[in-house]
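Chemist: Residues or ranges marked as active site, electrophile in TrEMBL: His101. The feature active site, proton acceptor is assigned by TrEMBL to Glu171. Positions annotated as substrate binding site by TrEMBL: Asn11, Trp12, Lys13, Gly177, Ser215, Gly236, Gly237.
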Amino acid sequence: MVKLRHLVAGNWKMNGSRSMAAALIAELKTQCLSGGGGGVSADLLVCPPFPYLIHASEFLMGSNIALGAQDCAPQESGAHTGDVSAAMLKDCGCSHVILGHSERRTDHGESSAQVAAKAKAAQGAGLIAIVCVGETDSQRDAGETLKVVESQIVNSIPAGSTTANLVVAYEPVWAIGTGKTPTAGDVAAVHAQIRKLLVAGVKGGEAVRILYGGSVKPSNAAELMAVPEVNGALVGGASLKAADFLGIAAACG
Ligand SMILES: O=C(CO)COP(=O)(O)O
């Protein structure tokens with residue numbers, strides 16, 4: 001098992017405003033610079049909604065907090081009203097983009113093949129694709145977790161992915177925004193399976209970071225982040241408060 005530096009990514013989802021982004025990022029910067037983040041040794045990433053990316057990239061200047069988006073188009077450019085290309089995200093200062101989040105798979109019917117096409121476009125534009133996978137409540141109850149995750153991994157990760165352009169996030173759908181989390185043992189089993197698939201199918205797959213997401217908060221972060229093959233967190237609700245987000249980062253050890 002390769003020891004990797006943790007990545008703590010904040011998925012703001014459809015929350016915030018320009019003034020909220022300014023205040024939250026200012027607080028993150030101050031806390032990180034002053035060491036008030038509890039000696040954060042993880043890499044930090046914030047992913048605001050599209051309209052605030054350009055502002056956020058300015059607010060983030062002078063910090064080493066990275067910027068990401070929450071989706072991109074599979075096409076490079078052209079007649080695709082309402083879509084945003086990966087090159088545009090790069091142009092706005094993004095280094096990462098979240099793809100295939102369960103909310104997009106559900107709300108927009110995104111298939112794993114579409115997620116793979118988006119990830120390929122993102123990587124082609126020089127972005128790191130954060131590809132999300134995870135089972136629903138009923139799939140879990142049916143004992144299908146590993147089968148579902150395997151299928152999503154195999155079909156959502158494009159050929160040409162490497163350690164340098166891919167991050168995977170395991171987010172059980174039933175744990176998102178519910179306050180429920182899997183046991184450390186369950187997380188370990190899924191992450192071990194994902195690692196096996198990455199080692200078999202991706203160049204440098206042993207060093208691709210695998211994040212856990214779903215109701216991560218400061219009070220449970222230490223336990224979740226200590227699970228073998230958990231290399232960071234994809235945080236929703238708790239990423240909207242600087243103290244909570246940094247509390248999670250500090251728990252990475
Ligand atoms: O969906 C998530 C991050 O992408 C997790 O959301 P919560 O942390 O709010 O459960």
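The backbone N, Cα and C atoms fix where each Cβ goes, and this holds for glycine too.
Automated prediction, rather than curation, is the source of TrEMBL annotations.
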Chemist: Using a 10 Å cut-off, grab the number of neighbouring Cβ atoms around the Cβ of Trp12 (substrate binding site), all chains included.
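Modeler: Trp12 (substrate binding site) is surrounded by 21 other Cβ atoms within 10 Å.
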Chemist: Are there any residues at least 6 positions away along the chain from Gly237 (substrate binding site) with a Cβ closer than 8 Å to its Cβ? List them or say none.
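Modeler: When sequence neighbours closer than 6 are ignored, Gly237 (substrate binding site) has Gly177, Ser215, Lys217 within Cβ distance under 8 Å.
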Chemist: Tell me which of the binding-site residues Asn11, Ser215 sits in the most Cβ-dense spot, judged by other Cβ atoms within 10 Å.
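Modeler: Of the binding-site residues Asn11, Ser215, the highest Cβ count within 10 Å belongs to Asn11.
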Chemist: How big is the substrate site in terms of the longest C-alpha to C-alpha distance among Asn11, Trp12, Lys13, Gly177, Ser215, Gly236, Gly237, in angstrom?
Modeler: 14
Chemist: Counting all other Cβ atoms within 10 Å across every protein chain shown, which of the binding-site residues Gly177, Gly236 scores highest?
Modeler: Gly236
Chemist: Look up Gly237 (substrate binding site) in the DSSP assignment and report helix, strand or coil.
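Modeler: Looking at the DSSP assignment, Gly237 (substrate binding site) belongs to a helix.
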Chemist: Any idea what the Cα distance is from His101 (active site, electrophile) over to Gly236 (substrate binding site), rounded to a whole Å?
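Modeler: Each residue's Cα considered, His101 (active site, electrophile) and Gly236 (substrate binding site) end up 11 Å apart.
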Chemist: So which of Asn11, Trp12, Ser215, Gly236, listed as binding-site residues, have a Cβ under 6 Å from an atom of ligand 1?
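Modeler: List returned for ligand 1: Asn11, Ser215, Gly236.
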Chemist: Rank the recorded positions Lys13, His101 by the number of other Cβ atoms within 10 Å of each Cβ and report the first-ranked residue.
Modeler: His101
Chemist: Same-chain residues six or more away whose CB lies under 8 A from the CB of Glu171 (active site, proton acceptor)?
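Modeler: Those within reach of Glu171 (active site, proton acceptor), by Cβ under 8 Å and sequence separation of 6 or more, are His101, Ser102, Cys132, Val133, Gly134, Tyr212, Gly213, Gly214, Leu234.
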